[in-house]
Every structure is written in structure tokens, then in C-alpha cells.
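J.: Heads up, here are the entries from TrEMBL:
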TRANSMEM  64-84  transmembrane segment
TRANSMEM  130-156  transmembrane segment
TRANSMEM  168-189  transmembrane segment
TRANSMEM  209-230  transmembrane segment
TRANSMEM  242-261  transmembrane segment
TRANSMEM  293-312  transmembrane segment
TRANSMEM  362-380  transmembrane segment
TRANSMEM  423-453  transmembrane segment
DOMAIN    479-724  domain 'STAS'
Amino acid sequence: RFSWGRFRKITLKMFPVLNWLFSYRFREWILRDLHAGLSVGMFQIPQELLGVWLTKLPLPNINGFLSAFCCSLTYVIFGTSHHISIGSFSILNVAVTNILKIPNFNQTLSSNGWLNNFSDPTFMKDYTEALTLTASVTFLTGIIQLLLGCFCLGFVTTYVPKTLIDAYLTAAALHVIVSQFTFIFDIMFDFHKGPLGIFYNLFHYFLALPKANATSILLFLLSMAALRVNTSIKITYKHSPITFPMELLLIITVTIISNRIHLHAESSSAVVSRIPQRFLPPTLPDLSNLSKIIQHAFSLAIVSYFLLVFVGERYASLHNYNIASNQELIAAGLCNIFSSFFKSFVVSCAISGTVIQEKTGGRTQLAAAIGASMMLVIALKLGRFFQVIPNDILAAIVVFNMLPFLEKFLDLPILWRRDKYHFVIWLVTFAAVLCLGLDVGLAIAMGFTFFIITFRSHRMKMVVLGQIPNMNIYRSLSVYRAAREIEGIKIFQCCSSISFANMHHFKTYLLRKMDMKAVPLDESEMRALISLSDTAVERTYLKCSCVCDSPLPPPRIPYTEKLVKKCHADSDSSSSSVNLVHWSKYGDKLSSRTFLVGAADASPDFNTGLTTKKNEDEGRSACLSPGSAIDDSSVQLDQEEQPVHSPCPVHTIILDFSMVQFVDLIGSELLRQIIHMFHNIGITVLLAGCHSSLMADLEKNDFFGSCVTKERFFLTLHDAVLAALDNHQQPDELEPTAKEFAEEQFAEQQKVEYLA
């Protein structure tokens, strides 16, 4: 049914601009957004030109500016981040040019010459084909992002830890810095793309250093010094700090000086003067070569989206707001679709522009709208003044704005002390992205992160608990000195879910702590179990049935292993033929009788695994040392021999499942077998603290039966301890710390109710 509330919610979700537009604080935010918009808009003009210079593909500057304007306004309407500046990303642009196999524009844009003659038919054919292929790649990238967003696949970013984001952005910043060496040293060569491409490029830069332009390097260093001094200038507006617009001042100053004294002739060559000035009208992309570019387009779609979300998440966490991952995917797709109409490159987050927009005080996307409008007006009306701006000045701005991402190296020692798993994720992500590129490195980082998350979530962690005296609190015996183990009871706390991935460790830990091992049942014991399971089914020696009748399910075997005492190295004999030995103790002397408990001695009801009344009358239980000789005959001990002080035998195991979220089908079957195996040797297994969802999962997995009943489950751990003590000790032998504490609590509660 239609409702205005639902319509309003859907509208605000589809058009996030309405969220901040209707709640805009004009007096507080307008000057901040205006300041940020002017700085970003002035920087976007040379930024677009630098991207064209790196790709060596002479896209008309009017097309580039119109594409940037349309993409910025599109993100203002559909984007959810308040600080993202949309634009071309140099590394993605280089990746697009590597797809172009038809023309080679290495000689088209040179550092010392003008463009080739556009009247040449061969050149124009290759040029048009290259622009058409670029538009097709950009359009298909946008379509892929739009489809992924419509199918709500942006949720994948919720599984990406902040560690991976920081490492990815740090490696991406290094890629951007290396790409700016072309303008810093005024050296032009073909960028190597692929594994270890950044190191190949650094090696070529090192070889070409003797040919570097000294004036270009000097201008770069002076610009970096000016930007560094800017960090010491503090401006406060309405009790909030604002960064001085040094980038804006630097670009305006250098532009004026370059037009007066032709500074670009002494430093790196100008950009605008080498780009065609005519406008190519918007056209629909050509998808005839879809099979050739779909793989590259998918890679660009993933990388550009994750780059956008990673930077958005970084600044959203700094300013305490959230971004919608699916909406960001839709916004990125629409931006790339509009960009393809102008034959432009794939757009994503312009990291330098985003840094400038955030540090100059931008509060909403109004700053991006102001910047895009100013960029378009200045580029179209005053573009001739930017024809002589040196590239090294712009490279200095880009490099300086990348430095904050490199500061994450300083946090690595802290990360190592806090969480070594996240430290490893950081190193693997950084190394993969730096060495293999933004696309392959991202895939490796995501795969490794998911592996670590799965490993940690399924890694079994077990703790042996003890009781804090005079309290119903149970803590780890290895951590709390005050914790004491209850006589005859072993308490294990499982700190993770039980699944097929960790069930072996769960079983091994229990048996190791109980000083036991599991051995397979022999053939006769298996037949005995099967015969016992068939007693409930009516059997005849001769039975006729139709072949088309469905066969009966095979009998369910409760367990396939039995528990035996471990054989220790200092033992003189083996006890592998005995499941478990119950020893009786009279006074301070050990009895001369042993009781062998096997599968046939086990009774199906709940209390059969407990000590019988007859054994209780004979005396309290005690254990021999593991090295004692055991066989079917009686063992007569010297009456004058001193008694052996051994720990009391365990009659109950309590599993604290308060931290267990789920038990899968394989894990529940293993847990059922463990309960049966311990029940078979006279040890009761109780479970405490199970959540209702866990109980529902166990019921679905057909966990309960004649032996494993819900009577073994208790709401709290203390209830399970009291039940175990009540079933295995006389009332006058109950542990005072548990019994008396419960009675004292009840008396205090009655007293409080009476006084109230």
C-alpha cells in the first residue's frame, strides 16, 4: 500500500542530495563550501590536463571539462559522501591507454613539439578509433557498476577491514607519486604496466636522471616548500580551523607569472597548448568490440568503485557520518556513463581534489558543485591563460596531497602490538597493490583478507574454567589465580562456533585435557551397536516386499570410536585395551578391585553414566596414576603401602556454549558422538548457556535422541554445576562454595523482599 512515509524514504535513498540540502546550515557552512569549491575548482583545471598528458591521447580539452562538470553534478545528486571530488585518476587513465592496441600516440604528444597534422586521413582514422574505443570502455564500465549497484552487490565493502583500506590507499598514493616524476624531472617515456611495473618505471627514471630539467626540479621543490609552510598557518572561522588556500594561491600566482615571463619554456612544457581545441559532440559508444574490452571494463569498474568507497570511508569516519555502498556503486556507474558520451576516461575519486576539499573546510557536496561550475566557466572563458602553466607546479600539489596517506607507515608498530592478523593484512595488501597493480593487488588483498577472516572465525579456542570461591562466577584457570577447579567436574568454555573446519581441534582438545585418546571400534563392537539400534524395529527372518518400495534408512550408529587412557612414555604397560577404569577407595587405602566399563555396560537413560548407588556405598572414587598396570585380573596392593594421592576422577564434563553462535551439521554430529563416547565410559556431558537459535539448529540437525536429551542442557553454567554435584555427591558432601552460596543468595533475596 502507498504511504507518504515510504515514498519519502525511497526518495531520500535514491537522491541523497535531499538529505543535506533540506538541512543545510547556510550561515555556518556557506563560507566553508565556497572556500573549498574555489580551491577544488581551480585545481581541477590543470588536473584534467595532466591526465590527458599522462595518457598521450589528445582528448579535446572542452570534452574533458564538460565530462568533469557532468560527472561532478551527477555525484552531487546521487553520491552519499560529503567530501569526494569526482574526476579522472591518472593510474586508471594509463590502464585505459594500455587497452588501445590500434594507434600508437607516443609521438603524438612529445615534450618538444606540437601535435601532428589533424588533416592527415590516416592519423584521423586512428585518432577517432582510439577515442571510440576509450568511450566504449568507459561506457561498459559504467553499465557494469550500475548493474552491480541495482543488484545490491555493494555490500562486499562491509567485509573489508579498515586495515585493508589504509594499505590500499597507501600503495595507490605511491603509484600516483611515481606517475608525477614525469612532470617533476620533465622526462617522458612509456609507462610499464604489469607485475613490478612501478619498479621498472623507477629504474627508467633513475637512468634518465642525467637528462632531467634542473629548472623543473627547482620549481617543484619551491612549491613543496610553500605547501609545507602552509601547514603552519592557522585560520579559525567560528571556532573551527580552516586551512589557508595555498593551492589556490599557488596556481593563480604561477599562472600570472608564467604568462608574463614564459616560465614554461624554462621548465616542463605546457599542456594545454598540445591539446586540440575543437569540441567533439557527444555520441553513443560503439559496443561492436564488446568481447575484447569486457574483461578490462570489469577490472576498471571494480578498481574505480573500491577506490571511491575507500576514500569515502576514510573521510566519513573522520567526520562521523556513513556512506551507502550500493548507492556509491550506482553513482559511480552513472558518472562513467555520462563520461563516455564525451569520449572521456573512466572517472573515480580524484584523491588530490578530495584532500583539498576536505582540508579547506568543505562540509557538503555544494563545494563540489561550486568547484565544477567555476572550473567550467574558467576553462571555457579564460582557458588561454592556463596554456603556459608549468606541469611541475601541479605535480607538487599532487605529491603533497598524497603524503598524508603515507603517514600510515608510522602506525605499523602500534598495529603490530594491537593485532598481528591485521598487521599481516596490511603488509600483504600493500605489497600486492604496489607490486601487481591496483586491480590484481586488490583481488589478492580481498582474497587473503577473506581467508584470514574465515580462519579467525573458525579457529577453535577452548578455555578450562574454574570457580571463583564463594561466587557463582567461573573464569579461566590459566588467567585467574583465585579460580579453583571443582572436584570431579571439568568445565570447558568454547569461544567460537563449531563447524567442519574446527571440529577436529575441538575433539582433540577435549581428549588431551582428559588425558585420553579415541580408537576405532572393532568389528564385533560395531555389530553390537547396530544390533542395539535395530531392537526398536520389528524384524522377521523372512519378509517379502515390493521392489518399488523405498528402502529403509540405514541404522544410525551413535559413535564409531571408544576412549582409552593415553600411553605415557614412562609407563611399564599399556592400557589401550581398557575404555576407562573406575577405582574405589576405602578410607586412605586403594581397593584391590577394578571395574571395566564397556559398551554393553552403558545404559540408555540420562543417569546411567553417573556413579551408581552401589558404587557410592562402596566409597568415594579415586584415580590411579596413568602409569599403573591394568588388566582383567584383580590387583592386590600391599596394605602397608602408603596411599597414592591422585586427583579425583572426573564424573562430569560441562561445556559452556554461551559464546557459540552456531553448530553446523557436521559439528553437531561430532558433538553427539562425543557425548555418547563419554557416556559410554561413565562420564556425563552437560551443556550450558546455549542460545535459543543454537537449540533450534540442533533440533534441525536431528541432534537429540534417547541418550542425548534436553535434560543435559542448562540455562546457566552455575545451574549445570549444581546439577552435577547433586547427582554425584551425597547431600552432606556437597561442595560448600556452590551449595552454601546458592542458599545464601536465596536467603538474602527473601530478606530483601521482606524488608521491601
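Each residue, glycine too, has its Cβ placed from N, Cα and C.
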J.: Which range out of 64-84, 130-156, 168-189 gives the transmembrane segment (423-453) the most CB pairs under 8 Å?
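T.: Against the transmembrane segment (423-453), the leading stretch is 168-189.
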J.: Considering only the recorded stretches 168-189, 209-230, 362-380, state which has the highest number of Cβ pairs under 8 Å to the transmembrane segment (64-84).
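T.: Answer is 362-380, with the largest number of Cβ pairs below 8 Å.
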J.: Apart from its near flanks, which chain residues at least 6 from the ends of the transmembrane segment (362-380) lie with a Cβ under 8 angstroms of it?
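T.: For the transmembrane segment (362-380), the sequence-distant neighbours (Cβ-Cβ under 8 Å, at least 6 residues beyond its ends) are 17, 20, 24, 29-30, 32-42, 44-45, 61-62, 65-66, 68-69, 72-73, 75-76, 79, 81-86, 353, 386.
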J.: Express the predicted model's confidence over the domain 'STAS' (479-724) as a mean pLDDT, rounded to an integer.
T.: 66
